[in-house]
Amino acid sequence: MALEKSLVLLPLLVLILLVLGWVQPSLGKESRAKKFQRQHMDSDSSPSSNSTYCNQMMRRRNMTQGRCKPVNTFVHEPLVDVQNVCFQEKVTCKNGQGNCYKSNSSMHITDCRLTNGSRYPNCAYRTSPKERHIIVACEGNPYVPVHFDASVEDST
């Protein structure tokens with residue numbers, strides 16, 4: 001009788017441990033979609049020629065911790081509009097992958113580039129407001145942006 005219970009409980013215990021081992025590392029870990037939003041979305045503001053915009057935003061969004069992120073782009077459009085890019089013109093990503101999409105229309109963005117000579121922990125950025133098409137990599141269910149690949153000028 002005790003052996004029968006052990007034979008039933010052992011696989012159940014193994015299954016529970018496997019599930020916990022699989023779920024635990026993802027607890028508290030930022031998803032790729034959330035990371036994209038943190039690093040690239042700034043729907044609440046319009047592009048700013050304020051020279052301190054990038055310095056403030058890069059710090060605020062935790063992109064200057066441990067190192068200075070060399071380049072970053074903020075998109076100043078509603079999140080739903082950026083998510084809809086995942087269903088627009090399919091293009092090849094810079095890395096050769098086939099999950100990138102180009103926006104049908106220009107979007108308001110701000111490019112942030114590390115200035116020459118800037119070193120961690122004193123990360124200093126050049127702020128460049130622009131209006132360009134964006135290219136994002138999408139994945140998941142729901143299918144959403146997970147990587148900002150590039151911005152391109154209107155070809156018309």
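In case you wondered, yes, glycine gets a Cβ from its N, Cα and C as well.
In Swiss-Prot, C123 is paired through a disulphide bond with C68, chosen from C54, C68.
Cross-referencing R59, R60, R113 with the substrate binding residues that Swiss-Prot gives (K35, R38, K69, P70, V71, N72, T73, K94) picks out R113.
Record source Swiss-Prot places C100 in a disulfide bond whose other cysteine, from C93, C112, is C93. Long-range neighbours of C93 (disulfide bond) (same chain, six or more residues apart, CB within less than 8 Å of its CB): N99, C100, I135, A137, H147, D149.
C123 (disulfide bond) sits 11 Å from C112 (disulfide bond), counting Cα to Cα. For N50 (N-linked glycosylation site), none of the recorded positions have C-alpha atoms inside a 10 Å radius of its own C-alpha, out of N62, N104, N116, C138.
Separating the Cα atoms of N116 (N-linked glycosylation site) and C86 (disulfide bond) is a whole-number distance of 34 Å. Note on proximity: among N62, C68, N104, the recorded positions of the record, the Cα nearest C86 (disulfide bond) is that of N104.
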